[in-house]
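Below is one structure; the comments refer to it alone.
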Amino acid sequence: MNALAATSRNFKQAARLLGLDSKLEKSLLIPFREIKVECTIPKDDGSLASFVGFRVQHDNARGPMKGGIRYHPEVDPDEVNALAQLMTWKTAVANIPYGGAKGGIGCDPGELSISELERLTRVFTQKIHDLIGIHTDVPAPDMGTNPQTMAWILDEYSKFHGYSPAVVTGKPIDLGGSLGRDAATGRGVLFATEALLNEYGKSISGQRFVIQGFGNVGSWAAQLIHEKGGKIVAVSDITGALKNSNGIDIPSLLKHSKENRGIKGFGGAQHIDSNSILVEDCDVLIPAALGGVINRENANEIKAKFIIEAANHPSDPEADEILAKKGVVILPDILANSGGVTVSYFEWVQNIQGFMWDEEKVNKELKTYMTKGFQSVKEMCKTHNCDLRMGAFTLGVNRVARATILRGWEA
């Protein structure tokens, strides 16, 4: 089941639980606007190359639209649509005043030079500058893009509209980026995990964790969980997988991973098959890599009691059903990984105020938002007698539906 089908299915289930009428339900699913542009640039060798850029703006009932820009060779319109829609519910669950969007360019960033990437980013910005904006649509980095990409968008946009640091988030600190943004998604995962374990009378300390994915989110989550006394017994990334039942020395692994561009060859743990990482014995499993990794093939084998979805859409609906029967508690992605967009919101607020916060304030506010988000989801679970995923979806959809009706937009 692809991401769009799964997201739409969750939405429809939530709409049924909330008793939304069919017209409103239909209008909430249809994107506000889909943009597709041709971006032609001169390459370094003088030849011309054309790429397709796009942006799906899903909903703006609760505020400006918000979502990443990815540079990836296989950009699937359905997936982008699903991710834009997911951002609408995610920002509503986090209770930040945004709607959802997503976009990108169909290109392989590894095959383009830095100057080609800069030209491509600037041409894309020229094509969409009047469709994004501080109070319209605020892009952020995603797969294949980074703070430098955001700096180019900011500069190009500012040529048309005057200096506007709040038009993108995830910027370099020197151009109005927020302290704490780099660790935000991983730190949010920590706060969400703490809130969930707390419900069951447990804490991070003494629990055994398995983390799939050691990129930005996975490595920060590992570091922060390790600092809190959690025991990380297995980790994987694209280069391989490691296991140590006594707990992996995370600071050493981070150093090794930085120096060797991956965890492969690390001496403080035994190497295992990457495919077995999800079924290793642990208390808490954190998939922080790709979508669709937990499915009907492996769901029965999973030994974890809790799954924290740090990646987008890591488990499909069939796996959900199998895991529910086993009594596994899943903290859904739209809550678990919302730390990134929450600190993006803080960055936008700081830019608009022209007043920057220190890192301590950023982390303190993030903890407040993540904890409140979890409590609100729990309330919805009680009201509708459902699991955490449906609790989060009903919370998000309800907030967007209420804003839509209050603005007089319902059909």
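We number each residue from 1, going along the chain as drawn.
A Cβ is built for glycine as well, from the same backbone N, Cα and C atoms used for every other residue.
Bear in mind that TrEMBL entries carry predicted annotations, made automatically and left uncurated.
Taken from TrEMBL, the feature substrate binding site applies to Lys66, Lys90, Ser344. Taking all protein chains in view, 28 other C-beta atoms sit within 10 angstroms of the C-beta of Lys90 (substrate binding site).
The active site, proton donor feature in TrEMBL is assigned to Lys102. Non-local contacts of Lys102 (active site, proton donor) by the CB criterion (under 8 A, 6+ apart in sequence, same chain) comprise Arg55, Val56, His58, Gly67, Gly68, Arg70, Val80, Asn81, Leu83, Ala84, Met87, Asp142.
The Cβ of Asp142 (site 'Important for catalysis') has 20 other Cβ atoms within 10 Å, all protein chains considered. Look at TrEMBL and you will find Asp142 tagged as site 'Important for catalysis'.
The NAD(+) binding site annotation in TrEMBL covers Thr185, Asn216.
Excluding Lys66, Lys90, Ser344 themselves, the residues of that chain whose CB lies within 8 A of the CB mean position for the substrate site are, in sequence, Gly67, Met87, Thr91, Ala94, Ile96, Tyr98, Gly100, Ala140, Ser338, Gly340, Val341, Thr342, Tyr345. Within 10 Å of the Cβ of Ser344 (substrate binding site) there are 29 other Cβ atoms, across all protein chains.
The distance from the Cα of Ser344 (substrate binding site) to the Cα of Thr185 (NAD(+) binding site) comes to 10 Å.
Shown are the binding-site residues Thr185, Asn216; the one with the most C-beta atoms within 10 angstroms of its own C-beta is Thr185. Among the record's substrate binders, Lys66, Lys90, Ser344, no two C-alpha atoms are more than 13 Å apart, and one pair sits at exactly that spread.
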